[in-house]
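Here the structure comes first, spelled out in C-alpha cells, and everything after it is commentary.
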Amino acid sequence: MPSNYRSFRKSVPWLILFLETVFIILFYFSFQRYDALIRNISYTDFQDVNNMVIFGFGFFLAFLKRYSFSSTGFNLLIIVLGVQCSILMEGLLVLLQEPNKHDPKIITMAAVSMTAVAISSGAVLGKTNPLQLIVMTVVEIIIFHVSRWINKRFLQVPDNISMKHVHLFGAYFGLAVSSRFAEPSPRSEKNASTPKSDLLSMLGTLFLWVFWPSFNSVLAYGDKTKAIYNTYFALAVSAVTAFTLSVLTTKDGKFRMTHVHSAALAGGVTVCYTAESIDYPWIAMILGLLASVITILGSFCLQRCLNPALKIHDASGVHFTFGLPGLLGAVAQVVLLVIKKWTVLPSLGYMVMIYIGAFCLTISVALITGFITGLILNFKLLKIIPVSKYFEDQFYWEFPHLAVGF
C-alpha cells in the first residue's frame, strides 16, 4: 500500500457509526411500536428475498480472482445498511401519502429495493472503496424511492409496478456511476477469473435462480401462484437457451460459464413485470427464450462496440444481465396490456403512455442521478483508489499468512 494513502480507520468506521446513530434516532421517532409493522408479514417471503440479496448477489459478484473477499463482504455491509435506510424512506413516503397506513411488508420491500444497490455495485465492482460504496448505497436508495414516489404521485403507477423497475434502475444507475471511473488496463491480470472464482460466482447464480420465483411473487398483487409458475417456466427456458447459445457462439463448440452465469437469470428479470398477469405458460417460456438470446447477443455487441465507444467499463456485465432483460420485460408488459385491453380503446392509449412513461422516467432518473453520484464519488474526500489498486482484496483486508503482496 502506498505510504501516502491514508488508512480507512479515520473514515469508514466513523461514517458507519454516524449513519447508525441517525438511523436509530429516526427509527425511534418513526416506528415506536412493532404492532403496525409485523402484522400479517410472511417470514418465508422475507427469508427468500433476504437469501437472494445476501447469498445470491454476494457470491454472484465473486468472480474476480483477487476480489472475492470484498465482493461478498462489502455486499453484506451495504445490504444491511441499505435495508435500514430503505425502511425509513418507505415509511416516510407512506406517511406523506397515507398518514394512517402502515405497510406490513415494509421490511420485505426494503430487502427487494436493495436489489438495485446490489446490481449497481456490480457495475463498479473492484473500483470503489468501502467509503464510496456506503455513500453510493445511501444516495441510490433515497433516489430510487423518490423515483417510485414520482411514478405513483404523478403517473398513478401502482406500488408493485414501480418496485418492479428495481432491475432497470440498478443497472442504469450503476452504469452511469461507472462511467465516471477510470477504466482499468485491458491487460490487467487482476481483472480476470479463475475456475475457483467462477465456481463461487455460479453458486451465487444458483441461489438467485432458485429464489427468483419467490422474489417475483412478492411483487405480485394478483395471483401469486401464477407468478411463481410463470417465473419458473421463464427461468427454465432461459437456462436451457443459455446452454444452447453458449455452444453455438464459442469457437470450439464448448460451454462457457460466463454465458450460463448471466443468461440463466434473464428470464426471471424479464417476466418480473408480467408474472402474475400471464395466463398461458408458453408466453412466459417465449419471454424466457428471448431474454436469454438478448443477454448473450447483447454481451457481444455491448462489450465490443457500445461500451468502448461510451468509455464504460461494466465490471460484471449488469447491462446485458439485468438492464436489457429488464427493458424487454417493460416492453412485454406494454404489449401484453395492449393485447388484453384492446377492446377498451378510449383508456388503452392512456394506460400505454403511463407504463411507457414510467419505465422511461425510471431510466432517465437513474442515468442522470447516477452520473452526478459518480462525480461525487470521485471527490478526494472519499479517497478514490488508483487504477493500479483496482480489483485487490489485499488493499482492504488482512491476510496474515502473506508476508508480502500478491
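Any Cβ shown, glycine's included, is placed from N, Cα and C.
Listed in TrEMBL for this protein:
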type     : residues : note
TRANSMEM : 12-31    : transmembrane segment
DOMAIN   : 21-389   : domain 'Ammonium transporter AmtB-like'
TRANSMEM : 52-68    : transmembrane segment
TRANSMEM : 74-94    : transmembrane segment
TRANSMEM : 106-125  : transmembrane segment
TRANSMEM : 131-150  : transmembrane segment
TRANSMEM : 197-215  : transmembrane segment
TRANSMEM : 227-248  : transmembrane segment
TRANSMEM : 282-306  : transmembrane segment
TRANSMEM : 318-339  : transmembrane segment
TRANSMEM : 351-379  : transmembrane segment
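Only residues 6 or more beyond the boundaries of the transmembrane segment (282-306), in the same chain, are considered here, and those with a CB under 8 A from a CB of the stretch are 229-231, 233-239, 241-242, 245-246, 249, 258-259, 262-264, 266-267, 269-271, 274-275, 312, 314, 317, 319-321, 324-325, 328-329, 332, 336. Distant neighbours of the transmembrane segment (52-68): 75-76, 79, 111, 114-115, 118-119, 121-122, 125-126, 190-194, 196-198, 200-201, 203-205, 207-208, 211-212, 214-215, 261, 316, 391-394, 406; these residues of the same chain sit at least 6 beyond its ends, with a Cβ under 8 Å from one of its Cβ atoms.
Below 8 angstroms of C-beta separation, residues 16, 19, 23, 26-27, 30-31, 53-54, 57-58, 61, 101-103, 106-107, 109-111, 113-114, 117-118, 121, 130, 133-134, 137-138, 141-142, 145, 148-149 of the same chain, each at least six residues beyond the ends of the transmembrane segment (74-94), sit close to that stretch.
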